[in-house]
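Q: Quick one: the structure is below, questions incoming.
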Amino acid sequence: MFDTSAGSVRPAECTGDGRVGLYVCGITPYDATHIGHASTYLAFDTLQRVWLDRGYDVAYVQNVTDVDDPLLERATATGVDWRDLAAEQVELFRTDMEALRILPPDSYVGVTEVVDEVASAVAELVRRGTAYPVATPDAVVAGAQDLYFDVARAGEDGPWALGDESGYDLDTMAALSAERGGDPERPGKRDPLDPLLWRAERAGEPAWDSVVGRGRPGWHIECAVIALRKLDRPVTVQGGGSDLIFPHHEMSAGHAAALTGEDFACVYAHSGMVAYQGEKMSKSLGNLVLVSRLRAAGVDPRAIRLALLAQHYRADWEWTDELLAESVARLAAWDAWAAAADASATAGADAGEPGELVQLVRERLSEDLDTPGAILLLDLRVATGVPATPVELAAVDALLGVRLGSPAA
């Protein structure tokens, strides 16, 4: 897979012992599930399928950011309790993922489930001198302070240094930090890019008692703690959308390295952004194409999946009605191919053994998850009119996640 930190393709494994760990940043549960979400989780579903096809022992963890400023703001704006909104949206997300046949992680972990563990990690960073307090006059408790991560100290003490993953310059980092939940202008910080580790309680906000005072976790430390708690070190692949490269993945890797003295992951992999009507699909813009609405309109989830697989996971691309129509037509052709399957057809191999087509699909997927290349191979085979063999249909199901012949599958 393409490793963002290296700027090149690297083996998606660490130890060579067949054990692999995948951590993918989950949703903040509001406005779920749009096509951009689905594209990201499908990318790492494909990785998981390739690993499983090779016989690897896969451990996959995904968090749910079930307490965060955007969620709280949406709950306040709509008059809904933030916990109810989170639960409703998580259930919708999981239903959409199941409809798209995206393999579930071994562990879904909500941030609210690990507040104590996060607080303990923050306390450890304070003890090591990698975290420091900042005056917080609007805290509920007089004298309570927010806690921040000292990026300079972390870079001096451990294997991580600011910019290792993203490769961005400081001006780009500052702009992205301000745009993506950071506070580079906050007085009292040692460095404008130092990220929040623990937010002291504010009036009207959820908070928990902890070893570092009453409050709630910062964004990046949540993922670091969950990954370290649930997966072997180092994580084989840390994944997410390319909008998470900085600050989220950069800083979560820094937090993990500061806690362990080791690199967080072997590969940092990122999916491209999806646009709609000329703009990046985003909650803030409201230009969302929701999987649930497509399903409610009668679109076969397999066609949605094929539309996503037709794009390389690292590419930025745009969702259009024409793209969906192409996938609907492709699915119809593939279904007809499956319906004409002849159990005695060998296509150059025994019907119970992988033939050339299956091997070629495996090769394409092994090259940085080249799903467009794999789909082209299937299109060419379907166009020949040669009936599918059972093993070929099983491979399409296992490797691409498309079960042919049944819209309900």
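Using N, Cα and C of the backbone, Cβ positions are placed for all residues, glycine too.
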Q: Let me know which member of Cys14, Cys25 Swiss-Prot also records as binding Zn(2+) at the site of Cys223, His248.
A: Cys25
Q: Helix, strand, coil: count each for the residues of the motif ''KMSKS' region' (280-284), based on DSSP.
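A: Going by DSSP assignments, the motif ''KMSKS' region' (280-284) contains 0 helix, 1 strand, 4 coil.
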Q: Starting from His248 (Zn(2+) binding site), work out which of the binding-site residues listed here (Thr40, Val64, Val274) have their Cα within 10 Å, and give them in sequence order.
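A: Among Thr40, Val64, Val274, not one has a Cα sitting within 10 Å of that of His248 (Zn(2+) binding site).
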Q: Quick one: Cα separation, Cys25 (L-cysteinyl-5'-AMP binding site) versus Cys223 (Zn(2+) binding site), in Å?
A: 7
Q: At a 10 A cut-off on CB-CB distances, which of the binding-site residues Cys25, Ile27, Val64, Cys223, Val274 has the highest count?
A: Cys223
Q: Taking the residues the record says bind L-cysteinyl-5'-AMP (Cys25, Gly26, Ile27, Thr28, Thr40, Asn63, Val64, Thr65, Trp219, Gly241, Ser242, Asp243, Val274), how far apart in Å are the two Cα atoms that sit farthest from each other?
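A: Output for L-cysteinyl-5'-AMP binders Cys25, Gly26, Ile27, Thr28, Thr40, Asn63, Val64, Thr65, Trp219, Gly241, Ser242, Asp243, Val274: max Cα distance 23 Å.
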